[in-house]
Amino acid sequence: MACRVMEVLLRVLAILLSIAGALVMAKDKQDTFVMLGTVPVPLYARHSYVEAFVFLVYANGIVAIYCFIAVLLSLLAKSRVLAGLLFFMDQALAYLLLAAAAASTEVAYIAKRGEKKLVWGEVCSNFEHFCNLVGVSLVLTFLSVLVLVTLAILSGKRLFGHPPLCAPPSTPPVHQGV
């Protein structure tokens with residue numbers, strides 16, 4: 001019972017982290033002006049301008065929906081087939097979210113530092129608020145990845161462990177006096 005509660009709490013935590021990561025990124029935008037001589041030129045930053053950030057929003061949304069469904073399934077059914085499915089899906093979605101977070105981290109790094117070999121300048125000096133919120137979204141997403149990895153480990157131990165994780169404790173036989 002305690003393991004089931006822990007699993008549900010971890011899945012709820014993954015839901016909350018993924019929703020927060022998606023919302024922070026999806027709402028992230030900033031408008032600014034730079035001066036070219038005496039002419040102010042407007043600049044705009046939106047998450048939708050960068051494919052990796054769009055991927056991050058969708059991946060977080062998919063993980064949140066999956067974890068919600070997994071909570072319902074784990075509360076309603078107990079079977080080895082379901083345990084195997086959750087084990088597989090926990091890993092698959094951890095990899096999906098890790099890929100989205102890694103791609104977005106690379107874009108954020110280039111935005112912060114630039115890429116000298118390609119003569120790309122950094123942009124975060126003009127969009128500090130935008131870049132800070134990208135960082136917040138990435139932290140939330142990587143935390144969600146860690147929760148999913150933990151769930152995959154727990155699912156694997158439950159499925160393949162000897163003795164199985166969360167198995168009911170065996171009670172020693174009661175000896176009756178002769």
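Cβ coordinates are placed from backbone N, Cα and C, and glycine is handled just like the others.
What Swiss-Prot records for 1-4 (among others) is topological domain 'Cytoplasmic', and it gives sequence analysis as the kind of evidence.
The transmembrane segment annotation in Swiss-Prot covers 5-25 (among others).
Residues or ranges marked as topological domain 'Extracellular' in Swiss-Prot (evidence: sequence analysis): 26-52 (among others). Across the topological domain 'Extracellular' (26-52), DSSP assigns 6 helix, 16 strand, 5 coil.
The transmembrane segment annotation in Swiss-Prot covers 53-73 (among others), and the record cites sequence analysis as its basis. When Cβ-Cβ distances below 8 Å are used as the criterion, the transmembrane segment (53-73) is approached by residues 8, 11-12, 14-15, 18-19, 21-22, 25-26, 28, 47, 82, 86, 89-90, 93, 96-97, 99-101, 103-104, 107, 134, 137-138, 141, 144, 148 of the same chain, each at least six residues removed from its ends.
Here Swiss-Prot flags 74-80 (among others) as topological domain 'Cytoplasmic', drawing on sequence analysis. Across the range of the topological domain 'Cytoplasmic' (74-80), the DSSP-based residue counts are 4 helix, 0 strand, 3 coil.
The annotation transmembrane segment is assigned in Swiss-Prot to 81-101 (among others). Here the transmembrane segment (81-101) has Cβ contacts under 8 Å with residues 18, 52, 55-56, 58-60, 62-63, 66, 70, 73-74, 138, 141-142, 144-145, 148-149, 151-152, 155-156, 158-159 of the same chain, all six or more residues outside its ends.
The average pLDDT computed over the topological domain 'Extracellular' (102-132) stands at 88. Residues or ranges marked as topological domain 'Extracellular' by Swiss-Prot: 102-132 (among others).
Panel annotation: around the transmembrane segment (133-153), residues 7, 10-11, 13-14, 17-18, 20-22, 24-25, 27-28, 47, 53, 56, 59-60, 63, 86-87, 90-91, 93-94, 97-98, 100-101, 104-105, 108, 111 of the same chain, lying at least six beyond its termini, place a Cβ under 8 Å from a Cβ of the stretch. The transmembrane segment feature in Swiss-Prot is assigned to 133-153 (among others); the stated evidence is sequence analysis.
Annotation source Swiss-Prot lists topological domain 'Cytoplasmic' at 154-178 (among others), citing sequence analysis.
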Give me the DSSP three-state residue breakdown of the topological domain 'Extracellular' (102-132), ordered helix, strand, coil.
20 helix, 2 strand, 9 coil
